[in-house]
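These notes concern the structure reproduced below.
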Amino acid sequence: MLEHSTSRNLQGCVQYSPSLPILDSGNRSVMAGRRIIEELRQFTTCDISDALCALKYRNGGFLSNLTMWSPERQSSSTKIVGPAYTVKYVPLDDPAPKYEGGHYIDSVPASSILFISCPANTPNAVYGGLMSTRAQYLGASGAIIDGRFRDLDEQRALNFPIFARDVGTAPPAPLLRVAAVNVPVKLQSEVEGQRDMAIRPGDYLMGDLNGVVVLPKEKVEEVLGLMGKRVEADEKVREAVVKGMSFAEASKKFR
């Protein structure tokens, strides 16, 4: 088993860091991809959403109802960040061609985050402990399940980060099959304005105690620039408010 480590950034969050080097994604170099991940780790999902809202992304990249289950249930400062590796499940009778690329878990790129998509309200789990065992060995940073997963005790024993809608017990095979890997998928949400949220291969995902956000890969550099300025301004507002200045006055002065 390859070793993994955790580190702590300036905001006190425990970082899950595979010890394998990141693989190249698209036209980005390995070094550029590593730099982006390290820079994003200094921020939170809320910081990303603030920046995306400033760029007219109404939902700020927020993917609703995906919360932390492992290594702890919403009580850990674990943070994951990395490029998306997507898997699309469909019903058994779906007309989509059968996926012939082998098992998706054996092709997970190092430092990526699995994003597993399945039809809304599916009662069966689509991800389990053996998947995380293999993903961790290959250096994945975590998994985000747009549905149910299982083997929670195994996930926590692995200390592997999992964000999901819920847990389940039954496997996917009686209801679903994999139709595609590393293709754009849509969030399976019933929340207003969320149904058209797309997650594309190579988009950056972040999950922390606040939830999960998706950052379009073409907006990464712009968002990084905005976040640095906004976080600095917010810190000045905080310091002023602590000293007694009104929030309205501090915001007007520093934001």
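The chain as shown is numbered from 1 upward.
Note that Cβ sites are derived from N, Cα and C of the backbone, with glycine treated the same way.
According to TrEMBL, the protein has these features:
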type	residues	note
BINDING	G128, G129, L130, M131, R150	substrate binding site
BINDING	D151	Mg(2+) binding site
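Cβ crowding, taken as the number of other Cβ atoms within 10 Å, peaks at M131 among the binding-site residues L130, M131. Within 10 Å of the C-beta atom of D151 (Mg(2+) binding site) sit 21 other C-beta atoms, taking all shown protein chains into account. Taking Cβ-Cβ distances under 8 Å and a sequence separation of 6 or more, the neighbours of G129 (substrate binding site) in its chain are R150, D151, D153, E154, Q155, L158. When every Cα pair among G128, G129, L130, M131, R150 is compared, the largest distance found for this substrate site is 10 Å. The record gives G128, G129, L130, M131, R150 for substrate. Within 8 Å of the mean position of their Cβ atoms, the other Cβ atoms in that chain belong to A125, Y127, S132, T133, F149, D151, E154, Q155. By the criterion of other Cβ atoms within 10 Å of the residue's own Cβ, the least surrounded of the binding-site residues G128, R150 is G128. Secondary structure at the residue listed as 'Mg(2+) binding site', taken from DSSP and collapsed to helix, strand or coil, is coil. The DSSP secondary structure for G128 (substrate binding site) is coil.
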